[in-house]
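First the structure, in the form of structure tokens, and then the observations on it.
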Amino acid sequence: MGQGMGAIHLSEVRCSGQEPSLWKCPHKNITAEDCSHSQDAGVRCNLPYTGVETKIRLSGGRSQHEGRVEVQIGGPGSLRWGLICGDDWGTLEAMVVCRQLGLGYANHGLQETWYWDSGNITEVVMSGVRCTGSELSLDQCAHHGTHIACKRTGTRFTAGVICSETASDLLLHSALVQETAYIEDRPLHMLYCAAEENCLARSARSANWPYGHRRLLRFSSQIHNLGRADFRPKAGRHSWVWHECHGHYHSMDIFTHYDILTPNGTKVAEGHKASFCLEDTECQEDVSKRYECANFGEQGITVGCWDLYRHDIDCQWIDITDVKPGNYILQVVINPNFEVAESDFTNNAMKCNCKYDGHRIWVHNCHIGDAFSEEANRKFERYPGQTSNQVI
């Protein structure tokens, strides 16, 4: 399952199996010499047999791992198979199908499947399917129920999937964000390219170019692939877009979102990073680099490697010119539109506490994995005495 990263908290854990938490098991206080990431523990969970895999099937594909999705509906004596409307069907829904069938992870969720023959199955029996990606079966996902509402009708526009036994898994090095964050007042005459690529706040359009400056929160972003498959752009090289100003190709529309939020979740500033150069910057000792952007090379992140966006490159920032002093949350989300399949999307987001006094900024308590959790938002650190979004 690959190696982890960051701090190692437990060593020589010995459980009876009855404990409510690993922290309740006998364990050794960890030291740097005790354990390395080559010894990281993993688990594979077995689920009880429920028969959910018999209520769904794939048809028309070139192998058992792909095809048009067919679901079984009705009660005893009136069971029938039908298709799923392709409207809004995507990676998260495909993840659930592949899991339900025991076929691993979703490689693609397809909204058009005209090239896969569905035989004599032509009825659309499910529409409006929306999954979080963690469900065990499509029955647990939201959908329209017995009422079918499909914008595009016909078997041409029905849902399909391509499954894979392995998948990538991206993880942001949160400690590096915290260590490298700083403010820069950058002159407008140095930001023409950034403005062209929409990397500044909306108010920059009415600025007195080329005079004045924009205030930028800058930080480095190091993104590791800890999965079992390389992370590759969804779009092929033929559809990458050349950006003359910075002299590079974009292989994804949006690779990362950067947001500044109030403690109650209101967005006050945002940035984005197109994957202008998705490549292996560094790798683990036993892994060789495979992807580099020079000379129109292939883009991606190899398993065991990471891509580093340094703090001093264009667009690696959030424009906070219009942000008032106060207490905020810095949120970074990788692969936010789920364009590329991963084995785990829950670790794609990071949150940090962020305090801004109008001159300096402090970023701390950065952590991964719960940026979409309502419970985590309720528990998220509040500064002592904080009653509103003002510096105390």
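Glycine residues also receive a Cβ, built from the backbone N, Cα and C atoms like all the rest.
Since this is a predicted model, take the numbers as computed values, not measurements.
Copied from TrEMBL, the annotated features are:
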type: DISULFID; residues: C15-C25; note: disulfide bond
type: DISULFID; residues: C131-C141; note: disulfide bond
type: DOMAIN; residues: 1-46; note: domain 'SRCR'
type: DOMAIN; residues: 56-164; note: domain 'SRCR'
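Cα-Cα distance from C131 (disulfide bond) to C15 (disulfide bond): 35 Å (rounded to the nearest whole number).
C141 (disulfide bond) sits 35 Å from C25 (disulfide bond), taking the C-alpha atoms as the reference points.
Shown are the disulfide-bonded residues C15, C25, C131, C141; of these, the residue with the fewest other Cβ atoms within 10 Å is C15.
According to DSSP, the secondary structure content of the domain 'SRCR' (56-164) in residues is 17 helix, 36 strand, 56 coil.
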